[in-house]
């Protein structure tokens with residue numbers, strides 16, 4: 001606030017980038033809805049032993065193919081296991097795959113993108129040709145081949161998605177590095193003797209955090225779908241460990257599809273809600289962090 005001729009004049013406070021992004025995100029209604037749904041699902045998965053106290057693996061012949069009831073909210077499956085517990089614990093498996101696998105490939109893609117953007121020349125050409133080659137092959141096909149060779153398990157699913165999903169991240173990071181490496185603050189850091197790793201960690205990574213957040217968010221949705229697809233095909237998490245994809249796989253039997261819908265409809269709904277919620281959050285982050293949306297904010 002300044003004073004001129006005895007009159008106080010209020011000067012508007014400059015809004016910080018984080019505050020501006022948060023304000024935009026909070027104005028994005030689908031993102032808020034998605035956040036609420038996602039937090040609810042994640043909370044249920046974290047506190048699964050309290051949300052679903054029944055053992056998802058233990059069989060009880062008295063509830064074989066039993067429809068939903070007061071004691072078993074989603075009924076029992078063909079082996080006499082509580083469907084509600086299997087859905088809750090299966091959701092935990094899907095979320096673990098989604099977050100861990102995406103964290104792995106974002107780390108790999110960021111590292112390779114930084115190296116490619118900084119190094120340039122032959123290294124850049126080789127890394128980008130490798131990226132183009134991997135991107136030219138459908139991800140699902142690559143993951144299926146990897147899981148088939150390594151063997152079906154939770155760890156092979158995480159490794160398959162994490163080690164094969166990095167090209168998109170690498171390309172985005174490389175583009176950001178190419179656009180920023182000639183910026184004044186980068187040139188000033190170089191003039192002061194800063195090394196490339198220091199510049200990347202101190203100056204570039206904070207500036208590419210926004211795009212990386214968006215990529216990671218949408219990546220979680222894709223990873224959850226890939227895990228469900230692999231489990232559906234028998235290449236993912238193996239029974240008796242609960243998996244949403246494996247539960248949906250039971251619908252291939254006509255008797256289950258028509259007569260026991262409570263075995264496959266609940267896991268299908270959870271997958272759809274989770275993926276939809278993550279995509280809503282991703283849309284909100286993209287709109288909030290996109291510099292071109294400043295005029296719209």
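Glycine residues also receive a Cβ, built from the backbone N, Cα and C atoms like all the rest.
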TODO: Give the range, chosen from 7-29, 30-52, that TrEMBL lists as transmembrane segment.
DONE: 30-52
Open item on the list: Quick check on the annotations: TrEMBL lists transmembrane segment for one of 93-114, 159-180. Which range is it?
Closed with: 93-114
Task: Cβ-Cβ under 8 Å with the transmembrane segment (212-237): same-chain residues at least 6 beyond its ends - done: 93-95, 97-99, 101-103, 105-106, 110, 139-140, 143-144, 147-148, 152-154, 157, 160-161, 165, 168-169, 172-173, 243-246, 248-249, 271, 274-275, 278-279, 281-282, 285-286, 289
Open item on the list: Using a Cβ cut-off under 8 Å, which residues of the same chain at least 6 positions beyond either end of the transmembrane segment (262-282) come close to it?
Closed with: 30-31, 33-35, 37-38, 41, 67-68, 74-75, 77-78, 83-84, 87, 90-91, 94-95, 98, 214, 217-218, 220-221, 224-225, 228, 244-245, 247-248, 250-251, 256
